Amino acid sequence: MIILGIDPGIAIVGYGIIEYKNSKFKAIDYGAVTTPAHMNISRRLELVYKGIDTIVKNYNIDEVGMEELFFNKNVKTAITVAQARGVTMLACAHNGKPVYEYTPLQVKQGVVGYGRADKAQVQQMVTSFLSLKKVPKPDDVADALAVAICHAHSNKLEKTLKNIGGKYV
């Protein structure tokens, strides 16, 4: 399975493409879609859309995992990140790719096994799972890879439960 992990934002959208096959991970590509701060918000959203659309079209993506919006005290920032999430989801939907959302707690549990893990612990596990020589930068890229790994683990659990007649909640 080829999974695209996305850490949404308006200035930086981290992405990570992994292959999960036979319980093994392989990094295919990772990086960031960036937008200049001085640019009009509608133009920035267009750049985010086009960047994700190009990534989805260039790879044989099966599914997409995306981090849910973490609401902070800055409402204006939360709104622009929500807008970026929307155009990112739209780019995936236009290409027929299902998007699964995960909270930061779920991502940490799915990668480290502990929902209160710190950023360094998550990055260390991402590097280990994907056999990378160093932690991907910026942090948004490592976060996107973590989302992809979390989705692989969640998807495997859901399929296992379906096979035994259970239900994943």
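Cβ coordinates come from backbone N, Cα and C, glycine included.
There are 27 other CB atoms within 10 A of the CB of Asp7 (active site), with all protein chains counted. Residues or ranges marked as active site in Swiss-Prot (evidence: sequence analysis): Asp7 (among others).
Annotation note: Glu67 (active site) sits in a strand segment as assigned by DSSP. According to Swiss-Prot, the active site annotation covers Glu67 (among others).
Over all protein chains present, the Cβ of Asp140 (active site) has 24 other Cβ atoms lying within 10 Å. According to Swiss-Prot, the feature active site maps to Asp140 (among others).
The Mg(2+) 1 binding site feature in Swiss-Prot is assigned to Asp7, Asp140; the stated evidence is sequence analysis. DSSP assigns Asp140 (active site) to a helix.
The Mg(2+) 2 binding site annotation in Swiss-Prot covers Glu67, and the record cites sequence analysis as its basis. Glu67 (active site): 24 other CB atoms within 10 A of its CB, across all protein chains.
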Pairwise Cα distance for Glu67 (active site)/Asp140 (active site) [Å, integer]: 11
Pairwise Cα distance for Asp140 (active site)/Asp7 (active site) [Å, integer]: 6
